[in-house]
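According to Swiss-Prot, the features are:
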- Ser140: active site, charge relay system (ACT_SITE)
- Cys7-Cys99: disulfide bond (DISULFID)
- Cys44-Cys192: disulfide bond (DISULFID)
- Cys78-Cys146: disulfide bond (DISULFID)
- Cys110-Cys125: disulfide bond (DISULFID)
- Cys136-Cys161: disulfide bond (DISULFID)
- 36-185: domain 'Peptidase S1' (DOMAIN)
Amino acid sequence: VVGGDECNINEHRSLVAIFVSTGFFCSGTLINQEVLNQEDKFICPNXKKNNEVLDVTNSENIVPLSLPSSPPSVGSVCRIMGWGTITPEKKTYPNVPHCANINLLDDAECHVGYERQGKEYRTLCAGVVQGGKDTCQGDSGGPLICNGQFQGIVSWGPHPCGHPGEPGVYTKVFDYTEWIQSIIAGNTAATCPP
C-alpha cells in the first residue's frame, strides 16, 4: 500500500502474507476459520486448472472478515491493507502490513482511467482522485473493507501505483457471495459467476 501507514496490530487480523519457495508472493484474506482467499486462486478458479483452498492454522489472533450483506455505496470510505510494496516505482516491501483509507468511486470516474473497465467485469474502483494512496504490487488478494465488510479483493491498477486519475480495481465480492458460501459449505461443483 502506497501513501498509507503501518496498520494497527488489531485491524489486520484477517490479512495474510502468502509465501512460495522463492519468497513473498502476495497478500490474502481470511474469510472463515478454514478458508483463505488468494485473488487468483479463490475468486477465479475457472481461469486456473488448480483451484486451491489453502489450509489455515487457527489461533486466537486470527479473525475472518464478514462477507458483504449488500454492495457498498459510492463515496464510502474504505480501508485497504496489504503486505505489498510501499513505494510506487520500486519494490520496497514492509516488515508489517500497511493500511490506508480510500474512497469507493463511481463507475464513470473509473472509466476515465480505464476505458475497458465496465460493470460486466464485476469490479469496483476505489482510490483517491488526486492520487498518492493505492494498493500496489504484492497487495493482490488483500481486502477492500467498507463499513466493516469485505467488499473488494485487490486485483489490479496503474503503474506506478497511486497515479492521479487511475484508481485501483477490485473484484466485487458481493457478486460472488453465494458462490463463496457454496464453496465454504463444501460444494466443489458450485459454478463461479461469469
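Each residue, glycine too, has its Cβ placed from N, Cα and C.
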Rounded Cα separation (Å) that holds between Cys7 (disulfide bond) and Cys192 (disulfide bond): 32
Those disulfide-bonded residues listed as Cys146, Cys192, and which of them has the most Cβ atoms within 10 Å of its own Cβ: Cys146
Cβ packing number for Cys110 (disulfide bond), 10 Å threshold: 22
Protein Cβ atoms within 10 Å of Cys125 (disulfide bond), excluding its own: 26
Integer average pLDDT (0 to 100) for the domain 'Peptidase S1' (36-185): 81
DSSP-derived class (H/G/I helix, E/B strand, else coil) of Cys110 (disulfide bond): helix
Cys125 (disulfide bond) versus Cys99 (disulfide bond) - Cα distance in angstrom: 17
Minimum Cα separation from Cys110 (disulfide bond), reported as the residue among recorded positions Cys136, Ser140, Cys161 that achieves it: Cys161
Cα-nearest neighbour of Cys161 (disulfide bond) within the listed recorded positions, Cys78, Ser140, Cys192: Ser140
